[in-house]
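One structure is given here, and the rest of the page talks about it.
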């Protein structure tokens with residue numbers, strides 16, 4: 001069973017409201033989540049010696065999350081990942097979004113779901129956040145009611161996303177936590193062993209928009225079906241890092257997505273999801289300029305993300321899994337982050 005405590009985390013400037021922190025604790029995990037962006041700010045996991053370390057990148061204070069920073073721990077929406085040129089059509093009508101990562105719209109726009117205050121509700125073993133995204137927010141059509149629920153069950157953090165729309169709109173929600181299983185202040189993730197359950201991936205153009213091809217991983221750097229040691233793998237294939245969607249083999253039911261093992265500490269993260277894809281990102285844009293928790297700096301490759309999602313730019317790619325949510329339907333996806341030692 002998990003316990004839940006709440007406290008004030010900080011005040012938004014100009015009377016913007018109070019940001020609260022919710023601490024979820026089980027015998028195996030401790031997770032801190034704030035109501036600003038439904039953001040995971042800390043996640044403590046024990047190693048094989050029973051010593052707990054915080055394994056997510058982030059900040060000790062609210063100010064860190066209000067500055068320009070790479071979505072540490074936040075919920076992303078209305079549409080995670082990139083939409084080509086920030087435009088799409090729904091039922092013949094063209095919509096234009098804010099361009100916040102030239103020449104595309106990224107992670108919901110200038111003020112996405114990560115940059116708003118959510119309304120919390122404490123549950124017996126977790127916390128539920130809700131908000132109404134108004135019609136036209138960041139250029140998206142229709143009003144969207146959204147619920148994000150975090151629950152703790154032993155060594156498992158479960159994240160459920162639900163949404164209902166007043167008119168047809170693309171919806172693709174994820175969490176953008178950066179993990180380092182050696183501890184959040186460790187300089188890199190080179191010694192992490194990574195497995196991703198995907199036979200295919202999406203090649204991208206120079207602006208990181210999928211080309212439309214669904215390519216086999218066989219014989220490429222993207223074949224992560226058997227464990228690879230990340231640093232050596234990137235070196236062997238002369239890669240700058242990963243920032244790609246892997247197409248998962250599962251159905252709409254819960255299926256295995258990825259496993260990451262840090263041999264030195266024994267920590268293991270397994271990810272399961274109902275989503276058809278996962279963006280594996282190795283912190284390629286981190287540059288060491290942000291000051292994180294306990295004075296940590298976050299250089300390139302100091303954290304990895306496993307962003308469970310629909311495939312990027314699906315609203316413009318008819319052969320990708322459907323991303324439109326229509327009135328009367330419910331968006332309902334769950335991701336499980338399961339921690340253990342081995």
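Note: Cβ is positioned from N, Cα and C throughout, glycine not excepted.
Source: prediction; values computed, not measured.
What Swiss-Prot records as phosphoserine, among 14, 130, 251, is residue 14. Going through 67, 128, 218, 279 against Swiss-Prot, the one listed in the beta-D-galactose site together with 81, 82, 107, 176, 177, 178, 243, 307 turns out to be 279. Nearest to residue 176 (active site, proton donor) in space, judged by Cα atoms and limited to the recorded positions 81, 107, 243, 307, is 307. Taking the Cβ of residue 107 (beta-D-galactose binding site) as reference, residues of its chain lying under 8 Å away and at least six apart in sequence are, in sequence order, 71, 76, 79, 80, 81, 100, 114, 176. A distance of 33 Å separates the Cα atom of residue 14 (phosphoserine) from that of residue 124 (phosphoserine). Within 10 Å of the C-beta of residue 176 (active site, proton donor) we count 21 further C-beta atoms, all protein chains included.
Here the candidates are the recorded positions 2, 124, 307, and by Cα distance the one nearest residue 243 (beta-D-galactose binding site) turns out to be 307.
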